[in-house]
Amino acid sequence: MNEKDKRDLYKEFGINDPDEFFDGEKEREMLQQEILGRIQATKEIHTKQALQTSVKRRRTMMSVAAAIGLLLVSAALMFYYNYSAFSSNYITVVVPQGETREVVLPDGSTVWLNAASTLKYPKKFGKKRTVYLLDGEGFFDVVHNKNVPFVVEASGIKTHVLGTSFVVKSYKSLSTMSVSVVTGKVAVSDDHKQLSVLVKDQEAVYTKDHRKPKVIPVKAHERTEWNDGKVILHAAHFEDLILAVENAYQVKINYDKDVFKNCFSTIRFDTEQSLTDVMETIKDIQGITYQIKEKEVSIVGSGCN
């Protein structure tokens, strides 16, 4: 211990000047050693207490960490079992590209699913008949029940009916979703408000951010023609056309979305036609060039103004 440390320690005991405090050299030396010994002992006690406190703190922290870990594991297990129970009460139907499928719901309502669609619905309906179109397109023919509303949820949009027929198109790859009424009337809402009420031969097109819908007159029965192997599109965005071709022929079409973002097409084709025939029709309409290589199609063009 150097002189500065000694003087600092003396000051802790109220000894500002050790030379004046001690009467003689011998006394000074003896008392100095005693004081320094006590000081050292005190430091050791403090150090030991600090170590004990540190160990306790670490043990406490480890206990807290263990408790948190246990809670997280418990929460995960609870989520797993609840999710498993939730999932076990639902049926999920997945339709691959190139196919359509008919699904009969617990209340007898019927859904025809277009290619590349996924529908989830409960094994048994309760106070509400709610189904979830997770991806794709479905034509719903709903059994009337004035006491139990029927709801289709898709892309955050809810279509409410009592009994009617309508089409919901909500592919994840598209920037819009739509609801088209074939018979009867439907109400469409999001989580906050009602967005529109539609009647026969009306269609509402919504952007995925749920802005104000665009309601247009349509021949709604044409929206169901895909169930008979026909594709009918009127002033459809280029991305809708491409998706329809991909789903019908089970191919991947590569193109620059920015180039064709302003392109719209009116087209009709039968899925029994060859892919080349359909691509030739698109070539005539949009002025594109294309190349087919196995299950991939590459498109280039100048786009639309």
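Any Cβ shown, glycine's included, is placed from N, Cα and C.
Confidence across the domain 'FecR protein' (92-186), taken as the mean pLDDT and rounded to a whole number, stands at 96. For 92-186, the entry in TrEMBL reads domain 'FecR protein'.
Under the heading domain 'Protein FecR C-terminal', TrEMBL lists 232-299.
If you look up TrEMBL, you'll see 61-81 marked as transmembrane segment.
Each residue in the domain 'Protein FecR C-terminal' (232-299) gets a DSSP state, and the totals come to 24 helix, 25 strand, 19 coil.
Helix, strand and coil counts from DSSP across the domain 'FecR protein' (92-186) read 0 helix, 57 strand, 38 coil.
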